[in-house]
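Engineer: What TrEMBL lists as signal peptide is 1-20. Feature annotation from TrEMBL assigns domain 'Aminopeptidase N-like N-terminal' to 39-230. The domain 'Peptidase M1 membrane alanine aminopeptidase' annotation in TrEMBL covers 260-483. Under the heading Zn(2+) binding site, TrEMBL lists H334, H338, E357. Summarising the annotation, TrEMBL assigns active site, proton acceptor to E335. Summarising the annotation, TrEMBL assigns site 'Transition state stabilizer' to Y421. Annotation source TrEMBL lists domain 'ERAP1-like C-terminal' at 559-873.
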Amino acid sequence: MARILILFLINLMFPNLLLGDVISSQVDDLSYRLPIEIKPNFYELNLTVNLNSNLSETDFKFTGEVKIDIVAETQDVRSITLNMKNLTIKNISLYHSNKTAIKLDSTVYDDVHEFLIIMLDDKLKKGNNYLLTVSYSGVVNDQLRGFYRSRSADKNGNLIYVAATHFEPTGARLAFPCWDEPAFKARFNISITHSKSYHAISNMPVEELKVENDMKTTKFKTTPRMSTYLVAFIVSNYECNEDGMFRVCTKPQAVNQTHYALEKGKKLLDALNEYTAINFSHYLPKMDQVSLKDFSAGAMENWGLVTYRESALLYQDGVTTTRTKQSITTIIAHEFTHQWFGNLVSPEWWTWIWLNEGFADYFQYIITHKVLPEWRLDEVFVVDNIQGNAFIADAGENPRPMNKNAKTSQEISRLFDNIAYQKAGSVIRMMSHILTENVFHEGLKEYLKQNALNVANSTNLFEHLGKNKKWDGASFGKIMDGWVNNAGYPVVNVKRNHDDELQLSQERFSFYETKNDANWWVPITYVNSSSMNFNNTTPIIWLKPGRNETIKFNKAERWIIVNTQQAGYYRVNYEPEMWKLLSMQLNSDNYENIHVVNRAQLIDDALNMARTNRLNYTVALTLTLYLERETDYVPWQTTFRNMQFLHNMLRTSVQYNNFMSYIRKIMKSVTSQVRYKPYQKGEELDIVKLLRINAMEWACRAGVDECKDYTNREFNAWLSNSSRSFDIDLKNNILCDGIRSANKKVWNYTLTELLKTKDEDEKKSLLSLLACSESVDLLKEYLHMSIQENATVTFNNAVLNVVSQNPKGVSIALEVLTNEIEKIKKLNKAEDVIKSSVDIIASAITNKDQLTQLIMFLTKERLKPNTLQTILLKATRNLEWLNVHQETIENWLYTHRNYFNSSSSLTFATLLIIFSIFITRFY
């Protein structure tokens, strides 16, 4: 229905548009891959770079010469094709191994395919080696890829530039002509000439330094065989904190912030050395970690030279939050995992990029858990990675399978998504439970050993893990085929078949209408009320494609939980009667008999079954009432995320106040447990601090008196003395809650103080809190701030902050967008800013008036049809969802309003009555 309405609206706005024009054209050309008739063995790369800060934008140039030892893989080769982009060729020569010159016929640059094609007069002979030399020049760009420049500062705070690289996936060709595909591995000798006041670092240690006049030449030792995307070099004024083979390097004034990364990095690399049974130093003699102010990703795993954005590496005790400290640690673990999964063994092609990112995603939790078990990241993986990322992306609009081919650089870049990272990491975790951890571990060690310095694909991995073992006659490769080659994931439906039997079936889970193409081998594990062995996570039975399975189950067992510790990558839905029995178990004094991960699973599955109309919301919401007892981080992390969705959808509901009363009620125990004022330093676990941050945000938003009293007291004390420090973990919560009711004078004072923040990333984060205000005028002022010259906050980010913080945010943002559109069109990358802003607004629409306001804007501005279709689809889907579910949720909230505002706790008898009423009414 939504799609029909959208096409109708597009037709009204664009009467001359053909329907086919809405569908973007696809790349049909299959020739983006390099020919395999020539392979490189060895590169000698010599660069000269000038980084004078007085240079104009066009003068940040470098010159280079690359000598490539190549071998002909086939007979009678008449041309050489390699990758190149944005480089100016000065000279090309080709020699036999005996140094005899080979005459070149012509040279062609194909900018569409990013090819340098060298036509030859003579044929190259199969098996023979040749030396290709290319002299060229290029620009040290400001696009954060290839060979680019990043801002830095000297010890006096003056602006200077550093030159750095970011080559993954196809950026090496911007720095030197090369075979820029992961399978074309070679060794590299790198030499860089630069100002003698700078230092150069690369994948390998320095072999030789030469100084001549004002220039220094840094020559590095030869690398192992590696893919071009892993080559890296940096020219900077950085200083390093060293310990043996480890260094952490950054701008001079931040060296004191490198100790944490150095300490934890050593422990994480040691843990990976032990796990893989392959010592990192066997291939690379050093490990450098370097922070960069301007960086496109969180980090990049260049072999032996890992680069990070500053906020992902630098740590200050008492300044860096607990959440950021954990993020820094897991990012280091992620990048260090790549030194084996991706660097030592690379993907044969980008189709299998998940072999890099999936393992790095998995081990960033598991290896960190080995080093810091008190963080419980083995359990947090489920709620953050599976439920909070993979399950959402993989149930969205047209998700892709894990194995997905790509041709162009743009298509390849789009493969670095939630599927390659979080879904793959989740499926890898499932593999470990299917095989058992010991078999999985041994198989991985063999996979790395046999494919070292080479490339692999998913078939190679499954062969090493499965080791010819069969499950119900199926090989491990056959079992995994559906998981890596199908988009989406299943929901397993559990229904009573007979008095002593349950029937299991599967269908594809999606937030939107989709064909039921369930085609997975689903590993089934389960526990019941009389046998609660939550540690057995290996498959008991298999739910095969196109078939149902049965489980013996008698009434004495009362309830069953399928997918123990959520070891399998699937959801589970039960009949209402079973959900009732599970709710009763949760709402008893023995709720902790259910494993904490399965408690989180039940919450997440119930609410998402209701969200997709597979379960009535009355059943799902009644299950969550047990949370009044819950104090553990893991189920609450799941709850807060699911409540955010409901909060967003109900913000304009007449029952919104009762929804907030419901939040206050279920948070009773957790807020009492974590308190608002933290314990003294060192007296509590980090996971408690993280729970407090989330609990406090929701408690203050819901108007819990104790929370409001604490934040008001802290905020007012800060207004009296702005040099007064907050608890670093609660600073954002305190400021947001204080700004929520601030008048214009206080809001402006807060703005002035926040602008004094020196760190740019922290300043942007703090300024976003100004959108916590409930004042329409102040929110408009905040949006207007973002379209001024040199604004710290971009307009689309300001829109996101306003829309997410205030029920009136959609109308406010649309009003400013409409009235100030001409100014906004003058912003940098204005088209992207407008598209992003409208997309954010559309995602938050919850009533027809907002939709009408949006359509009026779209009609006037005439965005591209594809963009228009996406935007309108998001908005109308929200309204469709509300049309189906809003009345049910509002009735449940209204019915329970007295209980939410009472001081009594939910009893078993009361819960039974609630279920009896709703099951009778709706089923």
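The count begins at 1 with the first shown residue.
Glycine too: its Cβ is placed from the backbone N, Cα and C atoms.
Give me the local environment of each listed feature.
Structural biologist: In three-state terms derived from DSSP, E357 (Zn(2+) binding site) belongs to a helical segment. Annotation for E357 (Zn(2+) binding site): same-chain Cβ neighbours under 8 Å, separated by at least 6 residues, are G342, F416, A420, Y421, A424, G425.
For E335 (active site, proton acceptor), the count of additional Cβ atoms within 10 Å of its Cβ stands at 26 [all protein chains shown].
In the three-state DSSP scheme, Y421 (site 'Transition state stabilizer') is classed as helix.
Over the domain 'ERAP1-like C-terminal' (559-873), the average per-residue pLDDT in this prediction is 94.
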Engineer: Note down the number of other Cβ atoms within 10 Å of the Cβ of H334 (Zn(2+) binding site), including every protein chain shown.
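Structural biologist: I count 27 other Cβ atoms within 10 Å of it.
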Engineer: Measure from the Cβ of H338 (Zn(2+) binding site) and count the other Cβ atoms within 10 Å, all protein chains considered.
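Structural biologist: Result for H338 (Zn(2+) binding site): 25 other Cβ atoms within 10 Å.
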Engineer: Taking 10 A as the limit, how many CB atoms besides its own sit near the CB of Y421 (site 'Transition state stabilizer')?
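Structural biologist: Taking every protein chain into account, the count is 24.
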Engineer: Once H334, H338, E357 are set aside, which residues in the chain still have Cβ within 8 Å of the Cβ centroid of the Zn(2+) site?
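Structural biologist: Surrounding the site, in chain order, are E301, E335, T337, F341, G342, N356, F359, A360, D361, Q364, Y421.
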